[in-house]
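Heads up: the structure comes next, in structure tokens.
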Amino acid sequence: MGEARGTQVEIEVTGIAHGGISVGRLDGRVVFVSDAIPGETVVAEVTDDSKKSFWRADTVRVLQASPHRRDHVWAEASVDRAPEDRAGGAEFGHIDSAHQRELKRQVITDSLQRMAGIDRDVVVEALPGAEDGTGWRTRVRLHVSESGVVGPYAARSHRVIPVESLPLAAAEAQVIAPLSEQFTGADHIDLVVPSVGNPFVLQGSADRKERPKAQRIVERVGDREFRLDVRGFWQVHRDAAQTLTTAVQDAVDENLFDPRAANLDLYGGVGLLAAAVGDRFGNHVRITTVESDPHATDHAAENLAEWVGANAVTGRVEHYLRGVLKDAGAAERDRLTRATVVLDPPRSGAGKQVVDQLAELSPQQLVYVACDPVALSRDLALFAGKGYDLTGLRAFDLFPNTHHVEAVATLVRR
Ligand SMILES: C[S@@+](CC[C@H](N)C(=O)[O-])C[C@H]1O[C@@H](n2cnc3c(N)ncnc32)[C@H](O)[C@@H]1O
């Protein structure tokens with residue numbers, strides 16, 4: 001180990017791994033190759049040979065191209081550049097859009113199989129918008145180098161890459177992006193394009209004590225408006241909020257839904273998915289949305305204010321559930337066993353503690369919105385062990401030209 005780093009190897013890549021990296025083998029060893037496509041033969045430069053069982057490498061030349069290869073949608077991320085100068089965040093941009101979705105399908109079905117023993121196929125559905133998957137990001141974070149240059153990080157590094165374009169960004173963000181300006185004192189720049197009103201350029205500081213001023217924006221989803229802080233969480237693709245609203249509404253089995261049960265929207269943000277449930281079943285629905293960010297919960301309370309049965313709680317989900325398990329009386333426990341629980345955790349998933357707590361509460365059905373298929377598969381395996389079957393699964397290409405994919409799973413108590 002240690003001698004191969006920096007050398008170039010010829011390799012045939014045969015599969016796709018979680019994280020959007022292609023996989024090949026060299027002398028029996030697994031090699032994870034960036035910027036390739038399964039089926040291709042490439043010359044790749046070894047970047048990490050510190051492990052015995054696998055290496056990492058970056059494609060530097062394509063010898064035999066996949067029929068799915070296209071010119072990268074972002075010239076500044078193209079394989080024509082030196083790997084360290086390629087802009088990060090568009091690692092599938094050299095693959096035609098339909099094949100990106102096919103690779104994401106493979107990652108989902110493979111992780112369900114390997115981690116949860118579930119054999120289930122899924123279609124990764126495209127969202128409205130440009131066929132080449134550009135122009136969708138309503139939130140963009142750029143970084144500022146020590147010398148004040150603004151740009152994205154390079155793939156797998158914290159090196160700021162100067163760029164002249166941001167093709168994945170919504171057109172409004174492309175117009176306001178300060179790509180040729182110098183910044184001093186800022187650590188990062190956020191571009192925010194709400195669906196209502198003007199876009200924002202926000203400077204961010206690395207100093208956590210410097211709390212930015214709260215600033216309210218409005219996002220519209222169908223006929224509904226959501227208020228939130230300009231720096232608060234909101235779904236990034238311009239059609240994501242609507243897509244997930246409809247997907248969650250469709251994922252709930254109405255025969256198992258009880259409007260008077262103690263329904264939950266966990267990791268609720270500003271109440272988007274609680275509203276989805278309420279808008280499907282009526283404003284007499286009882287639902288509690290739980291979110292750790294107090295600003296988001298304040299907005300959730302306001303966004304759901306017209307709704308008598310809705311309640312917004314600030315707290316970590318695991319703490320909230322612990323409290324419920326400890327304090328709920330028999331009647332409330334009964335309302336929980338009849339409940340529908342929507343959960344939309346961050347990338348790391350709900351995890352064992354929350355799965356155990358939910359299983360103990362024993363709700364009727366769960367709708368799990370997941371942005372990481374591996375974390376989802378791990379949690380589905382845990383839920384299966386607690387008596388929950390996967391009864392529905394859809395997947396959406398919420399992050400075109402990246403390896404990320406969103407899934408919506410329905411789980412029903414046996
Ligand atoms: C993927 S977002 C989903 C938000 C919302 N469902 C939506 O679609 O707008 C996850 C949310 O969970 C919150 N969060 C992260 N960890 C949490 C935890 N342990 N307990 C409660 N909320 C958490 C984050 O602040 C974020 O708002």
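Placed from the backbone N, Cα and C atoms, the Cβ positions cover glycine too.
Among the candidates Asp187, Asp344, Asp356, Asp372, the residue that TrEMBL names alongside Gln235, Tyr267, Glu291 for the S-adenosyl-L-methionine site is Asp344.
Shown in sequence order, Phe233, Asp265, Gly268, Gly269, Leu272, Leu273, Pro345, Val369 are the same-chain residues outside Gln235, Tyr267, Glu291, Asp344 whose Cβ sits within 8 Å of the Cβ centre of the S-adenosyl-L-methionine site. In the shown protein chains, 20 other C-beta atoms lie within 10 A of the C-beta of Tyr267 (S-adenosyl-L-methionine binding site). Listed binding-site residues: Glu291, Asp344. The one with the lowest count of other Cβ atoms within 10 Å of its Cβ is Asp344. DSSP assigns Glu291 (S-adenosyl-L-methionine binding site) to a strand in the three-state reduction. Within its own chain, Cys371 (active site, nucleophile) has Pro346, Arg347, Leu398, His404, Val405, Glu406 as residues 6 or more apart in sequence whose C-beta sits under 8 angstroms from its own. Note: the domain 'TRAM' (1-61) comprises 0 helix, 38 strand, 23 coil (DSSP; helix = H, G, I, strand = E, B).
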